[in-house]
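Chemist: As listed in TrEMBL for this protein:
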| type | residues | note |
| --- | --- | --- |
| DOMAIN | 21-209 | domain 'Ribosomal RNA methyltransferase FtsJ' |
| BINDING | GLY53, TRP55, ASP85, ASP101, ASP126 | S-adenosyl-L-methionine binding site |
| ACT_SITE | LYS166 | active site, proton acceptor |
Amino acid sequence: MGKASRDKRDIYYRKAKEEGWRARSAFKLLQIDEEFNIFEGVKHVVDLCAAPGSWSQVLSRKLYLPAKLSTDSKDQDLPLIVAIDLQPMAPIEGVIQVQGDITNARTAEVVIRHFDGCKADLVVCDGAPDVTGLHDMDEFVQSQLILAGLTIVTHILKNGGKFIAKIFRGKDTSLLYCQLKLFFTEVTLAKPKSSRNSSIEAFAVCENYSPPEGFSEKDLHRLLEKVGTPSGADDLGISFLTIFILHARTILTNTL
Ligand SMILES: C[S@@+](CC[C@H](N)C(=O)[O-])C[C@H]1O[C@@H](n2cnc3c(N)ncnc32)[C@H](O)[C@@H]1O
């Protein structure tokens, strides 16, 4: 069966059309929220890799529009939602859009500037590379997106904040889990029912941001700058792992 006819038989595809979501992915975020209550108390959010915009629509409908409709809400109290993607997307009420590559340190700086010193409560990242079918390569590129997301997280997420990131399940999933555990006290791998069983995607739901003592967000930022240069790409794996291993050691030394 072709992709188009498979899509038309898909319940979430049809539901998305009926409810005016730009993509069926909206249900993944809605179902993650049903399970983990990720929107509670959230006022400042970043949506990384947001196009065509169904997650941003969820953020707008769940956070921005209710606040706007509440009679006593002043402009400065309205939620701040910043969405970023390589692709342009049609406007969504209450969502500030930035077009750029999240693995580029300059783009991360633009997002950070929108926050103007205040912190985000939630960062979501549904980023996916153009899948090549070469599993190791796809997993590697996906891990670069997670690293970029984590870099932005370390600059703008408040302590106690949440990070939701799409991952590709593979041989390095437990390593990734341990790496995320260095920054968050709770990490759960979720597979919402709207995520197709045939897909290797899952979502890391990271709660209670608490970076290791002595961690400087500049470490990851420098790494991202390095990834942006052709010679830096070669040692990405080593540098990424080195940073995490050093911090893992610090944590282990402190707890033993
Ligand atoms: C699965 S789609 C996101 C769907 C979106 N969450 C929604 O609900 O509409 C993945 C997106 O990741 C974006 N992307 C991939 N690599 C990126 C990068 N390096 N920087 C910014 N966006 C990127 C792609 O352009 C694509 O729009």
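From the backbone N, Cα and C atoms, a Cβ is placed for every residue, glycine too.
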Chemist: Using the alpha carbons only, what distance in Å do you get between TRP55 (S-adenosyl-L-methionine binding site) and LYS166 (active site, proton acceptor) once rounded?
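Modeler: If we compare the Cα positions of TRP55 (S-adenosyl-L-methionine binding site) and LYS166 (active site, proton acceptor), the gap is 12 Å.
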Chemist: Along the domain 'Ribosomal RNA methyltransferase FtsJ' (21-209), what average pLDDT does this model show?
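Modeler: Its mean pLDDT is 92.
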Chemist: Tell me which recorded positions (GLY53, ASP85, ASP126, LYS166) have a Cβ under 6 A from ligand 1; sequence order is fine.
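Modeler: Going through GLY53, ASP85, ASP126, LYS166 in sequence order, those close to ligand 1 turn out to be GLY53, ASP85, ASP126.
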Chemist: Can you see whether DSSP assigns ASP101 (S-adenosyl-L-methionine binding site) to helix, strand or coil?
Modeler: coil
Chemist: Could you give the maximum C-alpha to C-alpha distance in Å for the residues GLY53, TRP55, ASP85, ASP101, ASP126 that bind S-adenosyl-L-methionine per the record?
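Modeler: Pairwise Cα check on GLY53, TRP55, ASP85, ASP101, ASP126 gives a maximum of 18 Å.
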Chemist: Taking 10 A as the limit, how many CB atoms besides its own sit near the CB of ASP126 (S-adenosyl-L-methionine binding site)?
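Modeler: ASP126 (S-adenosyl-L-methionine binding site): 23 neighbouring Cβ atoms within 10 Å.
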Chemist: Round to the nearest Å and give the CA-to-CA distance linking LYS166 (active site, proton acceptor) with GLY53 (S-adenosyl-L-methionine binding site).
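Modeler: With distance taken Cα to Cα, GLY53 (S-adenosyl-L-methionine binding site) is 15 Å from LYS166 (active site, proton acceptor).
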Chemist: Can you give me the same-chain residues 6 or more apart in sequence from GLY53 (S-adenosyl-L-methionine binding site) with a CB-CB distance under 8 Å?
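Modeler: Once residues fewer than 6 apart are set aside, GLY53 (S-adenosyl-L-methionine binding site) is near ARG22, ALA23, ALA83, MET89, ALA90, ILE92, VAL95.
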Chemist: So what sits near ASP101 (S-adenosyl-L-methionine binding site) in its own chain, CB-to-CB under 8 Å and at least six residues off in sequence?
Modeler: LEU86, THR107
Chemist: So, in DSSP terms, is ASP85 (S-adenosyl-L-methionine binding site) helix, strand, or coil?
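Modeler: Once the DSSP labels are grouped into three classes, ASP85 (S-adenosyl-L-methionine binding site) ends up as strand.
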Chemist: If you count other CB atoms within 10 A of each CB, which of TRP55, ASP85, LYS166 wins among these recorded positions?
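Modeler: Max Cβ neighbours within 10 Å, all protein chains included: TRP55.
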